[in-house]
């Protein structure tokens, strides 16, 4: 049984090539988008850094949610989400630098509330300024990023430490108890950050006049389903290279069900946000959808629904596709791309305003993908691929749906 | 509907039942059915039952629900009785979605329950032969159908070797008929009889 991951040279090369593409795009962007066009440079960075940070953080959420639910099926590949979550600190650092430059560098094209004169003349922004100000933004960002990193590293550290434990029932109970406590703590932080304030301050404040109570959940659903797809991609990759002996199509089937269910969940939240605004038809709310549904972004608006709802719904509906490695890889890539597109249409209409071919954004995205592959494959080598002392390991081995 | 001959064996434990089911199939006996107190994972595979097509039926019912809801509402608001409601268009798709969704779920759920009952031949007023009063209560009951090629005694020895208890031979209706469990044939009465005989 191959239990110790060794990064294949090809994967390493791929990750470096992708990171190279990303850096090159960043350099080209720096030169191409200057002066008036600099908005696009920053919007692309904000879109990509927030999207990729949140989809790796979804792995920590996966660990926390399955642990609290006393799930046993995921133990056979638990090290995979753990490894993916190890990318959180680096991506958090990138996002932190980006948003700090946006806020303190006075990038009003992205966040128009950073301009004090503008806020003073604007009733709505003045009223919101108790919440939407540089100080609160910074403190909240530091606090959430710090807590995310703390809990992510803590969970990983505990998991590796438990490899040195034994299989006695008391040890097992102790293991479950301390994991439950930490995961519970993380979920509280996660709910208060990704479930409410974080998407407001990072993304919704682009359209500072507008507001939607569904926005954070919508963002969460988007990143959670992409995060599940990311886990599935790494699981299939490892399985295809002869690792993760205990993982069978039964586990893949369950991941597929999650991807299917949360694609529908995303649509549910998308619709809940859209329909109420459409129904009430109040100008201060519809202004968000005006450029998206009736402006230049119309094709993206419908493509978003097609790629993130209709495709996974019809494709993953059948049992056979959820149990097929190639099919899961295909749909996981479609889902991740689809939600990347979703983030694009969340950030761009309020900043860049015009619809342009997203070569720059896509190039940056590839760079982030390369970075994630590099960090995750590195983290995978740091520990055995099976947490051999976990009391639920047997449940995972005999798991079938 | 046909009256057939069966050999019935009782099992205490699913761990004994599982290998027995596999042995029956390799031995080539005709398995009529296996009755269990709770759903057992993988038993359908062991019994060689084909994958159910209940999902396909569910999909078709769902699609029917979607079409019914959308076409009926469009007909009402566009053809039959067009009304101006808050200046919204006559075909307000977002407003239709919740109802369409509900009707999809309703059609799929009700349709699937009925199809399930049909596939299992379950219905109020429909009765089937009960091979053992404690089947689906706390015992696992395996029923093997006797064909002209199988020898009853041979099957009995086979079941005993596989770990079954209370092995007996029964001549019973294989399908369903109209009747009531509480009036026509009371399984618990038979149990008293057996106890009295013993």
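Glycine residues also receive a Cβ, built from the backbone N, Cα and C atoms like all the rest.
Per TrEMBL, transmembrane segment is recorded for A:16-35 (among others). Same-chain neighbours of the transmembrane segment (A:16-35): 41, 44, 359-360, 363-371, 373-374, counting only residues six or more beyond its ends whose CB sits under 8 Å from a CB of the stretch.
Feature annotation from TrEMBL assigns transmembrane segment to A:50-71 (among others).
The transmembrane segment annotation in TrEMBL covers A:83-104 (among others). Beyond the transmembrane segment (A:83-104), the same-chain residues lying 6 or more positions past its ends with a Cβ under 8 Å from any Cβ of the stretch are 42, 45-46, 49-50, 52-53, 56-57, 59-60, 63, 110-111, 114, 134, 137-138, 141-142, 145, 148-149, 152-153, 155-156, 202, 227, 230-231, 234, 368, 371-372, 375-380, 382.
If you look up TrEMBL, you'll see A:135-155 (among others) marked as transmembrane segment. Within the same chain, residues 57, 60, 63-64, 82, 85-86, 88-89, 92, 95-96, 99-100, 103, 179, 182-183, 185-186, 189-190, 193, 197-198, 201-202, 205 sit at least 6 positions outside the transmembrane segment (A:135-155) and bring their C-beta atoms closer than 8 Å to a C-beta of that stretch.
Per TrEMBL, transmembrane segment is recorded for A:176-203 (among others). Sequence-distant contacts of the transmembrane segment (A:176-203) (same chain, six or more residues past either end, CB-CB distance under 8 Å): 46, 50, 54, 57, 60-61, 63-65, 67-68, 70, 95, 99, 132, 136-137, 140-141, 144, 147-148, 151-152, 154-155, 158, 215-220, 223, 343, 346-347, 391.
Here TrEMBL flags A:215-238 (among others) as transmembrane segment.
Within its own chain, the transmembrane segment (A:258-280) has Cβ neighbours under 8 Å at 212, 214-215, 217-218, 221-222, 224-225, 228-229, 232, 286, 288-289, 305, 308-309, 312-313, 316-317, 322, 328, 331-332, 335, 339, counting only residues six or more beyond its boundaries. The transmembrane segment feature in TrEMBL is assigned to A:258-280 (among others).
Per TrEMBL, the feature transmembrane segment maps to A:300-317 (among others).
Positions annotated as transmembrane segment by TrEMBL: A:324-342 (among others). Beyond the ends of the transmembrane segment (A:324-342), by six or more residues, the same chain brings 48, 51, 55, 222-223, 225-226, 229-230, 232-233, 236, 239-240, 249, 252, 255-256, 259, 263, 266, 300, 303-304, 307-308, 311-312, 315-316, 365 to within a C-beta distance below 8 angstroms of the stretch.
Here TrEMBL flags A:362-380 (among others) as transmembrane segment.
Residues 5, 7, 11-12, 14-26, 28-29, 44-45, 48-49, 51-52, 56, 79-80, 82-84, 86-87, 90-91, 230, 234, 238, 340 of the same chain, all 6+ positions outside the transmembrane segment (A:362-380), place their C-beta atoms under 8 angstroms from a C-beta of that stretch.
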